[in-house]
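What Swiss-Prot annotates here:
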BINDING   128-182  ATP binding site
BINDING   250, 265  Mg(2+) 1 binding site
BINDING   265, 267  Mg(2+) 2 binding site
DOMAIN    101-298  domain 'ATP-grasp'
């Protein structure tokens with residue numbers, strides 16, 4: 001008898017639309033793999049939704065606040081339901097970009113220096129000498145990211161806007177020039193290295209989730225030494241935060257710099273849309289999408 005899997009999607013964060021696409025793709029992949037699937041648009045009555053669905057396993061396809069910051073994971077722990085991706089602590093740590101980087105630096109992984117600032121103060125005057133990146137400390141998918149280039153007279157005015165709904169805590173981080181690289185990790189296995197060439201100013205929300213928004217080159221045209229280093233750092237980051245299942249680590253690479261690779265971010269619930277990087281790397285390594293989501297479901301766990 002096949003397992004009954006509830007796929008959590010949608011949710012309440014600004015990344016809801018992306019999560020719906022990820023969830024639909026994962027639900028189809030799981031059905032193709034032979035599982036019974038129930039799709040849940042996760043809302044404020046998630047406890048009742050889970051009770052009604054009564055799944056054997058929960059596939060967490062949520063993105064952003066509430067879905068990948070440890071909160072939903074805590075609910076699933078309470079109900080004793082095995083779930084995919086990282087647990088409560090790793091999810092909460094990774095979602096807090098600055099705290100995650102404190103842990104990663106302690107593990108010897110190079111990350112750009114940054115400071116936490118109130119968004120209203122950061123909108124009035126530079127709190128770090130440009131160039132720097134200003135972004136919400138606890139959002140994903142490059143939502144609300146601003147690059148402040150050298151010579152800029154003022155910070156982004158949007159940070160002080162009344163329309164801003166991404167939290168008052170801003171991470172101001174040194175801008176690292178170079179090429180965009182990313183590595184997906186399946187438990188202790190780094191898949192490969194992809195170079196991302198966005199067709200916008202940087203790899204923003206539009207570039208990530210719009211067809212044609214970016215070009216993905218895999219394997220990345222880099223030396224074997226740098227590829228090995230990127231994959232090693234991605235696995236070390238995965239372990240340092242106590243992650244499980246699948247993660248994706250994003251890097252900047254500058255061959256002329258003393259430190260050629262900087263880890264920008266680790267994503268504990270990488271996108272699984274048709275344009276997403278992690279499933280693309282898995283397929284390059286010979287893992288079909290249905291096999292990938294089946295592996296994630298079979299490796300789901302609780303209280304880890």
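Cβ atoms are placed via backbone N, Cα and C, with glycine included.
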For residue 156 (ATP binding site), the closest of the binding-site residues by C-alpha position, picking from 250, 265, 267, is 265
Rounded Cα distance in angstrom between residue 128 (ATP binding site) and residue 267 (Mg(2+) 2 binding site) is 25
Top of the binding-site residues 156, 177 by count of other CB atoms within 10 A is 156
Spacing of the two Cα atoms, residue 267 (Mg(2+) 2 binding site) and residue 250 (Mg(2+) 1 binding site), in whole angstrom, works out to 8
Smallest Cα-Cα separation from residue 265 (Mg(2+) 1 binding site) among the binding-site residues 135, 149, 177 is shown by 135
Residue 170 (ATP binding site), DSSP three-state class -> strand
Check: min Cα-Cα distance from residue 250 (Mg(2+) 1 binding site) over binding-site residues 149, 170, 177 goes to 177
When the binding-site residues 128, 149, 170 are compared by other Cβ atoms within 10 Å, fewest goes to 149
DSSP output for residue 265 (Mg(2+) 1 binding site) maps to strand
